[in-house]
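Participant: Dropping the structure in here first, questions after.
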Amino acid sequence: MINTGVAPDHMMIAPILIPIVAGAIMLFYNDRNRQTKLIMGLVAVGLTFLASIELVSDVKSATEQGGTVVGLYRLGDWPVPIGIVLVLDRLSAMMVMLTALLAAPSLIYAAAGWHGKGQHYHSMFQFLLAGVNGSFLTGDLFNLFVFFEVMLAASYGLMLHGSGPERIKAGLHYLAVNLAASLFFLIGVALVYGTTGTLTMADIGRALYWLDDAERVLFHAAAGLLGLAFLIKAASWPLCFWLPPTYAAASPPAAAIMAIMTKVGIYVILRLSLLVLGPDAGPSAGFGAPVLMIGGVLTMGFGMIGILGTPELVRKGGYLAIISSGTVLTAIGFAQAGGGSLMLGGALYYMVGSTAAISAFFLIAEPVSRNDEGDDDAPVEDDGFDPLSERWAPMGLGTVEDTTAPASQRTVSWLTMSICFSLVAAMIAGLPPMPGFIGKLAILRGAIQDNLSTAGYLPMVLWVYAAMLILSGLGALIALMRFGIRRFWAEEGPAPRILALEVVPVVLLLGMIALQTVRADALLGYTRDTARALLEPGVYRKAVLAGAQDVRAAPVSSLAPDPAPAPDEAPEAEAAAPETRPQPEPAPAAEMASPETQVNP
Amino acid sequence: MELILALAIGVLVGSGVWLMLRPRSYQVIVGLCLLAYGVNLFIFAMGRLYVGAAPIMPKGGFVDPTAYADPLPQALVLTAIVISFATTALFLVLMIASRGVTGTDHVDGKERHS
């Protein structure tokens, strides 16, 4: 119970509740009141942002007094290994804040007309936010699955928003891939429960110690299956082929918020690999780290080839997301193998900056590559939808297109667009004043410093990683520069009409990126502390499991064996194993019963 | 019982994977359904197999946990069934839409002529 008094109790659930309630209230309004819904959505996002500020300042302030703080919120006040918990630490607080920061620009962009291209855009958007925030905050593996599905269900709707053959085709693939990934996730969860008897993330790491060899193999299979599911979400090569077409087909504001979804996959991998399979996990330490390292480097390479190869600007955005994923995944692999906190801190800093930049990129890609000649109704697309609307009517989808007027008719000049584009491109390529550069520099510096001080030499894969970091930036620079020259300098003819509402979000995101440059020291300090906390999973485990009752009574802070196990444990575990079980092991059922019926010492 | 359950899961998952890799969207959806059934049975089996044991314990007094089935996997399975059912329904809608828009039931929206 080190900190349950420090962390705000009910504030922790606010980032999940606010979007759910806002999205649900919106459903009561007629969908044509889009301006009302827009304002409600912005208010909800604003409130979530305020809550996230509160959460971040809470985790931060307590840290300065020494020690890492982990907030715990027990849903329904069930005791810990039984009930579902929300866990707040530096990483989850940061990710919740990042989500709120990306949500506002995307909503503003949608006000330029996209939210009128289909039904219930704003509700789905809020449900997506609830799912994302829930995934960041939950401390239970199955609850994570539920929030994942909330997020995915909303993302299917957002991805298909606006309809049209291209979206339907990409959406079909996206849906199939994600359904399969969810099933892998479920198999992994079931295996974890079957081997360790618990689903609380902090408890898994503890239960892991007690596994015998046969069970450990099964647990590793479970970890592999879970990793597969999350690597599909995080778009690691060779599981990333769904991403570029999906994000290219999605409407720009949806793609911009979906940029955070790959980061959800990365977040879970980061959380589980360091909490469960981190350096202190005994025989399972570092399981999967080589896959993350090599897979991450290959992902970066694939993204680089992709961005150079594709002529479409929106698809380049998808490959940029893949490069960003690969960069962070490799750093996670190094951290899991014992690569030190400096590098992971740099990678987290890079992740924040690059997610914002990719979001801005998706928002700017559509106006920049737009090809109308100053007509009104800017976000109109000509995908040949109209002839088919009769076929759609029986399915209740005939009302898909009721384009509302944009909230503001102000336009901006083509020059503004080109400046914004060049700034986004510079950020993505990692040119010096931008956070992309600072992040990469921090990764490289941390990697070299830590490795030289511990091992005395640099391993081969680190050289490859360093080279790929620089090369992928170069690839992105070449690709975007080529596009920019062609589009802004070489092209004649009237410039397309760009609404101010479509540029404001990009400017907001650029402002956020600029703030990251100016306050780089503060943010980098925060992410480094985060990385340090992640590499000491004992604190997290202790905070979550404080007061937890468990038949195995393993020590929570370190995974060393208990020198003197309580005498009544072993017989109880024996008795708990029913005859049909293949191996005698502490029965989950025994745990379920203990708090109510037994007084545990 | 173990053998029958294991065979059932194996057959469901095997045929599900095979169907999911087929080029017709209808085959894909049936494959996903079968795969989901296999996975649900698997989750169920991870709570160990019990015959004639109730999952819910009475309140108060000492309860012998060995006389009861593990309730958690049953709750998990229920959630998983609901979620996979809902997403499969969404997939079905999308499949029909794709059929209507493209005029073919190939997953890529066009026939592959060799």
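Positions of Cβ are set from backbone N, Cα and C atoms, glycine also.
Quick paste of what TrEMBL says about this protein:
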type	residues	note
TRANSMEM	A:12-29	transmembrane segment
TRANSMEM	A:38-57	transmembrane segment
TRANSMEM	A:69-88	transmembrane segment
TRANSMEM	A:95-114	transmembrane segment
DOMAIN	A:139-355	domain 'NADH:quinone oxidoreductase/Mrp antiporter transmembrane'
TRANSMEM	A:141-160	transmembrane segment
TRANSMEM	A:172-193	transmembrane segment
TRANSMEM	A:217-243	transmembrane segment
TRANSMEM	A:255-277	transmembrane segment
TRANSMEM	A:289-310	transmembrane segment
TRANSMEM	A:317-335	transmembrane segment
TRANSMEM	A:462-485	transmembrane segment
TRANSMEM	A:497-515	transmembrane segment
REGION	A:556-601	region 'Disordered'
COMPBIAS	A:588-601	compositional bias 'Low complexity'
Participant: Same-chain Cβ contacts of the transmembrane segment (A:95-114) under 8 Å, 6 or more residues past its ends?
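Facilitator: Long-range Cβ neighbours of the transmembrane segment (A:95-114): 15, 38, 41-42, 45-46, 48-49, 51-53, 55-56, 121-122, 125, 129, 132-133, 136-137, 161-162, 251-254, 256-257, 259-260, 263, 267, 352, 355-356, 359-360, 363, 377-379, 403-407, 499, 501-502, 504-506, 508-509, 512.
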Participant: Of the listed stretches A:172-193, A:289-310, A:317-335, which one has the most C-beta pairs under 8 A with the transmembrane segment (A:462-485)?
Facilitator: A:289-310
Participant: Would you call the transmembrane segment (A:255-277) and the transmembrane segment (A:12-29) in contact, using three or more Cβ pairs under 8 Å, pairs 6 or more apart in sequence?
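Facilitator: Output no: the transmembrane segment (A:255-277) is apart from the transmembrane segment (A:12-29).
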Participant: Near the transmembrane segment (A:141-160), which same-chain residues lie under 8 Å Cβ to Cβ, leaving out any that are not at least 6 residues past its ends?
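Facilitator: Non-local partners: 84, 118, 120-121, 124-125, 127-128, 130-132, 134-135, 167-168, 170-171, 174-175, 178, 182, 185-186, 189, 192, 199-201, 204, 233, 246, 249-251, 254, 257-258, 261, 264, 268.
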Participant: List, by number or range, the same-chain residues at least 6 past the transmembrane segment (A:317-335) whose CB is under 8 A from its CB atoms?
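Facilitator: Answer is 231, 234-237, 240, 243-248, 255, 259, 262, 265-266, 269-270, 273-274, 288-304, 306-307, 310, 341, 343-344, 346-348, 350-351, 354-355, 357-358, 361-362, 365, 428, 440, 443, 447, 462, 465, 468-469, 472, 476, 531, 534-535.
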